[in-house]
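According to Swiss-Prot, the protein has these features:
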type	residues	note
BINDING	N159, K160, I161, D162, G213, Q214, S215, G216, V217, G218, K219, S220, S221	GTP binding site
BINDING	C297, C302, H304, C310	Zn(2+) binding site
DOMAIN	112-273	domain 'CP-type G'
Amino acid sequence: MTKKKKLTHGQVRRVRNNQHKKLKQEESIVWDEALLGSAQPGLVITRFGQHADIEDPVTGEIHRCNLRRGIESLVSGDNVLWRPGAETLAGISGVVEAVEARSSVLVRPDYYDGLKPVAANVDQMVIVSSVLPELSLNIIDRYLIASETLGIAPLIVLNKIDLLSPELREQYSTWLNDYRAIGYDVLYVSKKTGEGIADLEVKLRDRTNVFVGQSGVGKSSLVNALLPELEEDVEEGAISETSGLGQHTTTAARLYHIPSGGDLIDSPGVREFGLWHLETDDVTKAYVEFRPYLGGCKFRDCKHGDDPGCLLREAVSKGEISALRFDNYHRIVQSMTENKANRQYSRSKKPICKSKLLASLEHLLTEGAIFSNISRPSPLYWNVNHG
């Protein structure tokens, strides 16, 4: 296979300028009401900028539509009312008029924009982890907090298990059995060997599922395994040799129909899942194994640390609560506190140019400067200090 020639900086700049002009042209389209049909239901497949791909539930056809002004929060999985155009103008064939009420919405905190919707009307959150990049139980716990808070059923999937030796697989099973013990489903899968794919299909059937997890854990590879009939495979990411972190592939969440039943939404990978928008009590209640003990501590304001008479700590000492989960709980609460303090401090400072900041971060990530000095004594604690 011939390697693609790398574009020069000038070529990249011209491509971006052409794309920008095209988007401006599409956004400037004003439909004559006489050219629009009657409103009908549709399903959002993906959204980018002021446009969205809407599926007609009757024909299954996909229509690229403009969004009416005032429609801002639109994500994959949303049910909408849209009006088809009598003709296609600059690739646009309709207009989204309204968004129907959601049964659920997965959100994640954005440092600049508050809570950012990721997917709507989700029945199940598929938390994809893998053995490469290293397994982080802390990130699994963060997603479980999100799922419990939002009322979305979680499913834990450990991917790339073909890379595990028998000894390591036994160790990973020991860690993940703590989650099975408190009622969470855990699957071991491998696209390479096919192990667990059939079981995963059964778990996804008749549900709208959102795939979440770090970049590089293989979410897109699982999408390809579940959707073998895709004309073009979803791009699969590699692992940075410098940082050991996954490189982002999916740039916008997209909904797919699974041939064996159910839908799935492949979301952009995140390296950590911030929870600073939640209160400590929300996090505490999201730990399902804590609930029988809450309210029984000696002190009403017990922080569940070294406080005397703490029922949670007593339960940990008796083996009734996982020590690893309990330790992650304190790490998460601490990181939330630190991140909230940093956020409040940054608001009091002069605003920083977002584009310049992102460009600097992109450069650092490319050069492997960020995270390159993180000590990784155990996969249990990797990437745990981000709120």
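Using the three backbone atoms N, Cα and C, a Cβ is placed for every residue, glycine included.
Among the binding-site residues listed here, namely I161, G213, V217, K219, G213 has its C-alpha nearest to that of H304 (Zn(2+) binding site). Excluding the listed site residues C297, C302, H304, C310, the same chain places K298, F299, K303, G305, D307, G309, L311, L312, R313 with Cβ atoms within 8 Å of the centre of the Zn(2+) site Cβ atoms. Most Cβ neighbours within 10 Å, among the binding-site residues I161, V217, C297, C302, C310: V217 holds that distinction in the structure as shown. Counted within 10 Å of its Cβ, the other Cβ atoms near N159 (GTP binding site) come to 26, all protein chains included.
Of all residue pairs in the GTP-binding list (N159, K160, I161, D162, G213, Q214, S215, G216, V217, G218, K219, S220, S221), the one with the greatest Cα separation is 19 Å apart. Confidence across the domain 'CP-type G' (112-273), taken as the mean pLDDT and rounded to a whole number, stands at 84. Cβ neighbour count for G213 (GTP binding site): 27 (other Cβ atoms within 10 Å of its Cβ, all protein chains included).
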